[in-house]
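Visitor: Below you will find the structure I want to go over with you.
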Amino acid sequence: MSHPALTQLRALRYFKEIPALDSQLLDWLLLEDSMTKRFEQQGKTVSVTMIREGFVEQNEIPEELPLLPKESRYWLREILLCADGEPWLAGRTVVPVSTLSGPELALQKLGKTPLGRYLFTSSTLTRDFIEIGRDAGLWGRRSRLRLSGKPLLLTELFLPASPLY
């Protein structure tokens with residue numbers, strides 16, 4: 001199963017450098033804290049609509065593959081992050097199977113828990129980079145994060161109802 005927002009997320013084209021944009025836009029796109037928390041600060045109840053979750057092979061993650069270790073399988077999670085039931089963000093997380101050891105096994109068991117609620121409670125979370133992307137008037141970003149030094153890639157597309165616009 002797929003969703004049009006995930007198709008658009010995969011079509012994002014990334015800037016080589018951070019573009020000169022309005023400071024309010026950059027505040028959203030370069031946020032280092034949890035997007036879930038930011039949405040909740042808007043006075044909204046945040047929920048997850050699951051689109052797809054499970055193991056995939058390299059051929060299903062061509063956009064992410066150059067940014068992650070080459071492995072036989074990856075855990076893929078595609079969701080819509082909703083505020084008061086309205087989709088504000090499409091998210092795609094790709095986790096190499098080698099990352100799924102120890103406490104990070106919990107990444108497979110998030111269910112309808114927003115990823116940010118898990119990631120940003122970890123004292124071992126670091127971020128390698130944030131890249132800003134755009135497609136058909138919508139903004140997005142991707143980040144390679146690390147838990148205990150182990151990588152995962154998170155891509156987010158801000159949907160039209162998001163307060164980013």
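Each residue, glycine too, has its Cβ placed from N, Cα and C.
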Visitor: Given Swiss-Prot annotates MET35, ARG77, GLU156 as substrate-binding, which of LEU115, LEU125 belongs to that site as well?
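Guide: Only hit among LEU115, LEU125 in Swiss-Prot's substrate site, alongside MET35, ARG77, GLU156: LEU115.
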Visitor: Taking the center of the Cβ atoms of MET35, ARG77, LEU115, GLU156 at the recorded substrate site, which other residues in this chain have a Cβ no more than 8 Å from that point?
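Guide: The surrounding set, listed in chain order, is THR36, ILE79, LEU81, LEU89, GLY91, ARG92, THR93, PRO114, GLY116, LEU154.
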